[in-house]
Structure formats: C-alpha cells, structure tokens
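Asks: According to TrEMBL:
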type: DOMAIN; residues: 37-503; note: domain 'Major facilitator superfamily (MFS) profile'
type: TRANSMEM; residues: 33-55; note: transmembrane segment
type: TRANSMEM; residues: 75-96; note: transmembrane segment
type: TRANSMEM; residues: 103-121; note: transmembrane segment
type: TRANSMEM; residues: 127-148; note: transmembrane segment
type: TRANSMEM; residues: 160-180; note: transmembrane segment
type: TRANSMEM; residues: 192-210; note: transmembrane segment
type: TRANSMEM; residues: 322-344; note: transmembrane segment
type: TRANSMEM; residues: 359-377; note: transmembrane segment
type: TRANSMEM; residues: 389-409; note: transmembrane segment
type: TRANSMEM; residues: 415-436; note: transmembrane segment
type: TRANSMEM; residues: 448-467; note: transmembrane segment
type: TRANSMEM; residues: 479-497; note: transmembrane segment
Amino acid sequence: MYASREDIGYDFGDDSKVGSEPIKPNPNIDGRWAWMIVLSSFLVHILIMGSQMALGILNMEWLEEFNQSRGLTAWVSSLSMGITLIVGPFIGLFISMCGCRKTAIIGGILNALGWILSAYASNVHYLFLTFGLTAGVGSGMVYLPAVVMVGQYFQKRRALAQGLSTTGTGFGAFLMTALLKYLCTEFGWRNAMFIQGAISLNLCVCGALMRPLSPKDVVSEKYIVRSNSGDNQAKALSHSAETIKSNGILSEELEKKEEATNEEVLASVQHTEIGGKSRNGRNMYGLRILKTVSQLMVTVRKGFAIWYSSYFGAASLFTNRVFVAFIIWALFAYSSFVIPFIHLPEIVKQYNLSSQNNIFPLTSIIAIVHIFGKVILGIISDLPCISTWNVFLMANFTLVTCILTLPLMQTYVSLAVVCALIGFSSGYFSLMPVVTEDLVGTKHLANAYGIIICANGISALLGPPFAGWIYDITHKYDFSFYISGLLYMVGIIFLLIQPCIQKKQPREKSTEEAQV
C-alpha cells in the first residue's frame, strides 16, 4: 500500500505543518544548484505555458488565413494546451526510464519541431498534427520534468521554490504575447512560428540544467514522523528504493538478473581482451554492443516496472484515497480558472464597459495578481506554523466563491476586485506539486503529478467547449460560471470528505509494523 497522509506525517488539521522534518541527505538539496533548477523551471514555464497563453495572436492569423470556423480553429490551441497536460502519465514512463534531463531535452527538440513544421501549414487539420500533437507532446515532455526536479531538489522551501518557478507562466504571457505580436506584424505568422521554433530550442538548455541527483541521494531521503498520540515517539518513513522493493515495484530478482547479465558480458569482454587473437577487435565491438543493449533493456524494464506498479500494481497510487479525491478535484478545477479568460471580454461588452477595459483589461489584472499570488502563497505555506493543506483549501474556497459571484458584478470596479481575487487565489497552482509530494512521496512524484496534470488537461480541453455549449442553450454567460463553480465545489467537497473518512478508519498495518 502507498503511504497515506498519516504515514508521511501530513496533517490536514489547522495546527500542524507537514508532520515531518526532512533529514538533509546531501548539500545539493536546498543548495546552490537547487536554485539553478528553479531558474530552469522558470524559463520552461515562460517558453511553454507563456507561449500557450499567447496563442490568441496566432489564432487570429489562422482565422484570416484558412477561413475556417472559430470553433474548428480554436481546437488547435485547445489541443496544444490539453495534450501538454494529458500526456503526463506517459511522460512519467519516460522519466522512469530515461530520467528528467533526457526527457526534457528530447521534449525540447520535439516542441521546436512542432513550431517549425507548423510554419508550412496548408490547412487547420495540418496544424492539428504539427502544433496540437507534436508541439503539445514536446511541451509535456519538458513541463513535467521541470516541476518534478524542483520537488526533488527542495525540502525546506518547496512551496516557495515551486511558486517562484511557476511565476514564469505570468511573465511568459506578457513576453510571448508582445513577441508574437511583433513577429507576426514584421515577418508574418509563418516566419513568426519558425522563429518561435528556434527560440524553443532553448528548452534543451533548460533540460541540460536538470542535473539528476545520484541514487544514493534519493535512497537516503527520510522523514521523521511525529506521533499523533501526544507522546514523543517518532517513526521513520523512508521513500527509498527499499520501500519500493517492499511494495513490489522493484523486485530483487530483476536486480540480480541485471548484475548477472552485466558480469557475464563484462567477463566475456575481459576474456576477449586477454585472448590476443586477430578477431579480438571484432569480438570486442560485438560484445560491447551486447553489453550496451543488455544494460538498456534492464533500464527499460526497471522503468516500466516502476511506472506500471504506480498505476496498476499492488502499490498503485489509486490505493491512496486522498490522492484519488485529489484527482477528482483536478478534473473540475482547471476549467474554472480558464473560463473567465474566455468569457470576460464578452461580459465586459455586455455591460458596456469596453472603454474602461481597454485601458486596463480585466484578464491582465488576473495575470498580474496571479504572479504575486503564487509567490505569497508559497511563502505562507513554508512557515512552520502553517499547514500547506489548509492554505491550499482556503485558496480553493476563495476561487470558487469568486467564480460564483463574478456574474453578479456589473461595474468595472467590482469586476476588477473579483478578478484580482481570482488571480491571487489561483496562485494555489504552485502548491499542487507540494501537496502531491506530501501525499505520495518524492520517489513517486513524477507519476503522481503526471496523473494530476492529466486531469487538469482533460478539464482544460473540455471545460471551454462545455461553457460554450451552455451559452448556446441559455444565451447567458451566467450559467457557465454557476455550473463550473458548482462542479468545482463538488471537487473541493471530495478533498474534505476523504481525510475525515481516513481518520475514522483504524490503521490495519499498525500491528504488522509493530511485529516487524
């Protein structure tokens, strides 16, 4: 079974932080290079998420170029944004096999290729394949490692580090919007996409900065868990390779086979070196290829075993009920943040507030305050007397309240206040990796967060069309906000119910652990 919130010392109450103090395994964690990882993740958010938030510029060019319906053309942007998140679980497989650095570099090349090939598009359907699919998958291969690496390199200031790195989305929205607008005006949209593809190759540099921690660093990561009974006893829970083996993820037989294969091939190579025959060079070359292939096969088998067991094995992530509730929440949450960006211009036009909105757009208010929200919520969550979970829930409650009340605001000032609250409270996005890591542990962060962003991707892909469908039926934007807000509230209720149920259930493993 996976570690539940009690196992990892994660308290959902008001008076506790993560109930554990990490034992620092080596100087790299919370060290100088950790901030280089934050910089790398920050640049990834600028180049990927910022570019996706600026696709409205290209969408206008595509409408004029291909003369297709707005609905069909909008699917290009929706596919790119949705696929970036939906492929999360499969990117977790790549990370298990190749590591974050190689996955990010390959993703950077694929993303740049998608942009460049899209410059030669002859119709919208061509863009579905090149920009929606190719660039979207490449973006996902860089985005997930960028989040995971920050979680691996930080223990004391995880929330602040994630908050700083994810502010790249807000900065990128401004920078990439201005850049794409300038490039399209000066060079045309085709050359603009070609240039943007060249710029996207910098994602490979960001990937190269993601220096992996050595296995010993990860193995030695432990948490000292505080007892809930009031006594001073402590339990040590290790999210290490030994824990994974006990859960059936990595079997000892697989490691023994790997060692036996490597030793056998190495012995053959050494025997050939000593032989001194004329065919030594050819034999050496063949044996080295055999050794490389055998090592590659073992790596692939190990990575697939970790990935498969995380989703379908005895130690599946889905055995953690709080994590399952977290997935249900993610299915409804992201669309509630995206819908205001889509419908706010129409609401402003409906209330005759266009002149004021042109001076300072409401969507810009959300974007600007969103940057500060991520950093401030990260700082608050890292305080020793504050529970990250409580900060996360309070931000969610604030956001859903704003979504439900926004249609009631009919003046620019009132809309601006609500939009500012939406921007600030949506800063909880920076806490999502932190909460996920607290629920499942650092070792399983890649696979777990891949599932979460996949749920967000489904929400981002289906939410806006659903809101448009509601408008077509009711001819009012109000119901889009009300329905999305109510669905969002259902997700929050799931987050509240599961911890209460889990507290009432006796710990079945307590007697077994005592015997061990």
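The backbone N, Cα and C atoms fix where each Cβ goes, glycine too.
Note: TrEMBL annotation is automatic and uncurated.
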Asks: For the transmembrane segment (192-210) and the transmembrane segment (389-409), does the number of C-beta pairs under 8 Å, pairs 6 or more apart in sequence, reach 3 or more?
Replies: no
Asks: Do the transmembrane segment (160-180) and the transmembrane segment (359-377) come close, with at least three CB pairs under 8 A (pairs 6 or more apart in sequence)?
Replies: yes
Asks: Are there at least 3 C-beta pairs under 8 angstroms linking the transmembrane segment (415-436) and the transmembrane segment (359-377), leaving out pairs fewer than 6 apart in sequence?
Replies: yes
Asks: Against which stretches of its own chain does the transmembrane segment (322-344) lie, if we need a Cβ under 8 Å and a gap of at least six residues from its ends?
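Replies: Tertiary neighbours of the transmembrane segment (322-344) are 2, 4-5, 362-363, 366, 396, 399-400, 403, 406, 415, 419, 422, 426, 435-436, 439-440, 448, 451-453, 455-460, 462-464, 466-467, 471, 477, 480-481, 484-485, 487-488, 490-492, 494-495, 497-499, 502.
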